[in-house]
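Residues or ranges marked as transmembrane segment in Swiss-Prot (evidence: sequence analysis): 5-25, 39-59, 62-82, 102-122, 134-154, 171-191.
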Amino acid sequence: MVDYILLVISTALINNFVLVKFLGLCPFMGVSKKVETAIGMGMATTFVLTLASLSAYLVERFILIPLDAQFLRTLVFILVIAVIVQLTEMIVHKTSPTLYRLLGIYLPLITTNCAVLGVALLNVNLSNNLIESVLYGFGAAVGFSLVLVLFAALRERLAAADVPRPFQGASIALITAGLMSLAFMGFTGLVKL
């Protein structure tokens, strides 16, 4: 049980997919202008990443390995992720039309979020069992959501700040992301496996 908790903490804080592995940078930079949008995107990504990890494990274990079709892994995982994203899009559209409108194009773009595919492929490469796969996906999603919301809050503060002209826009956003990455390096050594 403790190992599972440490896996989630390690994946969310120490080996954060955005700040350490540089996966999921497109939504990180694109959706992080308002905290409300970042929270919605974080919740949708958490749902998709967790389900994608579960589905990828099941597809790998019960379809690809028995059929000796591991060479189709990437293609099949992309199809599975696309189905899960469509399901998520329908759920968000029905439950929160405002959030659906705010997320706009970024919701269907979860399909091409490299963090989602990266987690699914890393689960296979790390030979995680079912529970570890789901927790790894959940931890990655929690880390992604945490960083997304924190970055959105910082960008809202920066929008009201007097930033020098050469640093306005993407420049200050990248500098802020770099400082966040340095801050998250402080978690290194928190979990010893």
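From the backbone N, Cα and C atoms, a Cβ is placed for every residue, glycine too.
When the stretches 39-59, 62-82, 102-122, 134-154, 171-191 are ranked by Cβ pairs under 8 Å to the transmembrane segment (5-25), first place goes to 134-154.
By the count of Cβ pairs under 8 Å, the stretch nearest in packing to the transmembrane segment (102-122) among 39-59, 62-82, 171-191 is 39-59. The list of residues near the transmembrane segment (39-59) in space but at least 6 beyond its ends in sequence, with Cβ under 8 angstroms from a Cβ of it, reads 24, 27, 31, 76-77, 80-81, 84-85, 88, 92, 96, 99, 102-103, 106-107, 110, 113, 115-116, 119-121, 123-124, 128, 130, 133-134, 136-138, 140-142, 144-146, 148-149. Within the chain, the transmembrane segment (62-82) has long-range Cβ neighbours (under 8 A, six or more residues past its boundaries) at 48, 52, 55-56, 110-111, 116-117, 120-121, 124.
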